[in-house]
Amino acid sequence: MGYAAHGIITMLLLDSLSKRYGALVVTDSFSFEVAQGEFVGILGPNGAGKTTLFNLIAGTVKPDTGTITFQSRDITREGAAARCRSGISRSFQIPHPFVGMTVFENVLVGATFGRKAEGSVDYAMQALELSGLSKKANQLAGSLPLLGRKRLELARALATEPRLLLLDEIAGGLTESECHELLDVLRQVHASGVTIVWIEHVVRALLSVAQRLVVVNFGKKIADGAPDKVMDSSEVKSVYLGEDALV
Amino acid sequence: MGWINIVIQGMLVGGLYALFATGLSLIFGVMRLVNIAHGDLIIGAAYLAYTVIQLTGLHPLASLVVVVPAAAAFGYGLQLGILNRTLDKDILPPLLVTFGLSVIIQNALLEIYSADSRKLNAGSLEIGSFSLVPGIDIGYFPLLTFLSAIAVVWALQVLLFHSPAGRAFRAVSDDPEVSQLMGCDNRRVYAWAMALSMAVVAMAGVFLAVRANFDPFMGPSRLIFGFEAVIIGGLGNLWGTLAGGIILGVAQAVGAQIDPGWQVLAGHLVFLVILAVRPQGLFPRGVT
């Protein structure tokens, strides 16, 4: 890619990253670069290794080989908490709220420990507001329905004041109008200067915001580029979308 | 009046058992660690207080100013240096390591202090009492122990539910993978939890050592009392742990009244009955 040569600042750089579980290679010498301010979409069939990719970037899984550079700093050996504080934040495909805490407390944890602690209460309130959860702030997180939990995933990820936001299938299961609301929020977050990488199966939603599309299969990157070009490439059509699955 | 007195005296002793149990309950709640060395750490703290008093001539209660921070610092280091390495999905390693620690502490204490039993002397506080009503005398020291147990549980509850550190404890307890993605350094959170646990252990050790003789091998039976209080009260609930300690104390006092040999047995029997009838304890959950 060589963004640096064009005066674009590299936010995240994965260099030949590999991860295997026994004989199963889930990430296969994966190289990937994200520029500051980009909005990148990631597509790929189930089991392609997308979520593992996020685990590697967020630091909950360590790679077997390869390096991860974030804002020009090698973070390959850094723990997840330190990466969070330096600005990497991720949401989970299956929401994992702290069920015994209120919605507000859930978000407050990230706002207190995931960023500088000053003003954490205000920052947590903002994240709730942005995610449309401020009315449910004092409910127990365990009592939220699925949509609420998805919103809480987003609110918690935002509460850590990310510079790089990794979203794992947060549009799945939403209705059309809920999805539009979500896209509005994401556009707003992106406009505020946050770099976003979004794994999503809801292709139409992804294409409406992503500036670049990456397609992953069997832990390898099989396409990377402008969304329309990627969607048109025959390899992507055959490997991922099949013959008649175009949305 | 006789039975009421027995129940009240049992409750006061139960305060001490609650102090034994609170630290155990806290670290189990935060990191699912069952600390087999907990009782030996209580006795270790008693010996530390003994040494501090020998060197400085402080009153046992004043020695807490030294013993509590020292124990907390030790707990912090113990967790960071050793126990964190044992924490994983498998529950066996922490059990084995803390069991080993228990043996090491007992033998170290034996080596340093010999097998002679010791006691801390709290002077007039120890024997003073006041009469609540005719027939019921309340000792100042047992009352102080009891009130300390309530204060400790109350303070920990406030910390857990109304402070950033407490939210970190609860977040890490709830989902350690997600909590680190929220910026919580789990290893340090565990270390702080152990430091708090050891601070309570230090108090329990000093109160125990003023109340009765102690020797290097008393730890395991204190651990059993602590465990029973935690299980009776319900795992992960500190107020429940306090209640569990009191129930155990009352059961022992009533048992001793029936037959002096039944004191400890009666406590175990009540524990067994509660475990059989209500295995989740009387007041389960709370710190989740």
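Placed from the backbone N, Cα and C atoms, the Cβ positions cover glycine too.
Record features, source TrEMBL:
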TRANSMEM  B:6-29  transmembrane segment
TRANSMEM  B:36-55  transmembrane segment
TRANSMEM  B:61-83  transmembrane segment
TRANSMEM  B:95-115  transmembrane segment
TRANSMEM  B:138-161  transmembrane segment
TRANSMEM  B:189-210  transmembrane segment
TRANSMEM  B:230-250  transmembrane segment
TRANSMEM  B:262-281  transmembrane segment
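Between the transmembrane segment (B:138-161) and the transmembrane segment (B:61-83), the number of CB pairs under 8 angstroms, six or more residues apart, is fewer than three, so the stretches are not in contact. Within the same chain, the transmembrane segment (B:6-29) packs against the transmembrane segment (B:230-250): three or more Cβ pairs sit under 8 Å, each pair at least 6 residues apart. Using a Cβ-Cβ cut-off under 8 Å and counting only residues 6 or more beyond its ends in the same chain, the transmembrane segment (B:61-83) has close neighbours at 33, 41, 45, 48-49, 52-53, 94, 97-98, 101, 120, 122, 125, 187-188, 190-199, 201-203, 205-206. Non-local neighbours of the transmembrane segment (B:189-210) in the same chain are 16, 19-20, 22-24, 26-27, 30-31, 33, 35, 38, 41-46, 48-50, 60-61, 63-64, 67-80, 83-84, 87, 118-122, 125-126, 141, 145, 148, 152, 156, 159, 165, 168-169, 172, 179, 222; each lies 6+ residues outside the stretch with a CB under 8 Å from one of its CB atoms.
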